[in-house]
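Q: Okay, handing you the structure first.
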């Protein structure tokens, strides 16, 4: 019914968007279908707690350097959620001091005064809390230690800054210097040694305080690294200090990469429009919008096309390509224009026609059947003893089987090949019917118990009926033309005859003229035994032979009966029309 349901666990932090391919098909004959894409974007829920960059924050300051508003350290926490769920507010949840102030938005810890009333070394211990703005809110804590020193730095080692921020472009060579820290022992009498306490597999620090990489870093794997660098002097007993170093890996736009340099597929030249050929898939190492890829044919093709968002290569029309190998070039391009190309080799087989296609209907959903097309081809092939090629799976279809009267029906169109020769649809249909038990047993292996199938039999004589319709149409057209021609000829003939009659009247051609007959002219008012003219009757006239072989008679149209006076037989007469 078109309802899209989520049937698996979805985590926005792992994957935010899904691109789906949806096919819509009607139940008409022939069936019509179309393909579209749906992009599903997951909304965030507050399921991640804020994470501090370090479990503890330590800072030291000399009283003589203290002044109101001086920055001692900055708390930093991140939340993997999005929107308000990722907004963080900082506060002190345990411990307090009149000397310290915490900015709830930035996490900056500053002095509230110049510490003039502090007369001795003082260590402040507090607990900082980072809370997000989700419903309900989540939080985490970190330890904060601030040393207020009366004496000078000569009494212990200290870093020039309590925290450092560095950045590095991703995929740099191993051994690149990220940044440099510096600590002083307060006297030239003592040396300072540096050591790294965290991420020792990826970073190192040398004797000068320079931090270097030990491996290539990829932003797509991790963007931020928090390092704790310790400085220890050579006093006895030695003193130490720890500085926090933030390293950000900066993104570099990288080109997409196809999972294969060459994709290979095969189809038959009777494959209809939108028949899937193969799906090319590229991945982009980048994140965010840069990872949105678009697929396009490098050179336009009248035979194939590709869906720009899913990479599905489908048929446009391959009827003329039977027996040929088609090589396609498909590009995957990211939003910044970086692209990569792959090849698709399609073997277009010939030898099959639409008349060789056989359809069966299954009481299964179309999406279930589509996922099992390879297994279905093997099972049908095992039952029939031929190689089966499925060319289309569609919803609906008429059936005469009582076992398939459920609403769920899927049509599977295929043809069979044996030793390179295509088997006629009639032979395939007969074998499906004769081997129905074997076919059903094989289908159970694919779909389980309860599977039923029905052979969609083509109406007999459909081709001859088409030919008969065409022939009748031609005959009807010829009959119409003949009727028109006959009508024209009749009209012309009558017109000509009327003209002739008019001429005969104008020139008095029908008058009884002397020399044509040897009897006196009679009018309608004079009775005569030899000839009378009545309305609605033939004109009858008596005539004599001009000679033994010739009798001339003149009349004003109609039928003439000629009687021989020399013969007493009154039946010896002839009638003709002039």
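Positions of Cβ are set from backbone N, Cα and C atoms, glycine also.
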Q: May I ask you to indicate which of 417-441, 442-466, 467-491 is given in TrEMBL as transmembrane segment?
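A: Here TrEMBL associates transmembrane segment with the stretch 467-491.
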Q: Per DSSP, what is the helix/strand/coil residue tally across the domain 'Cadherin' (54-148)?
A: 7 helix, 48 strand, 40 coil
Q: Taking DSSP states H, G and I as helix and E and B as strand, how many residues of the domain 'Cadherin' (259-358) are helix, strand and coil?
A: 10 helix, 46 strand, 44 coil
Q: Restricting to the domain 'Cadherin' (54-148), what is the model's mean pLDDT?
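A: That region's mean pLDDT is 87.
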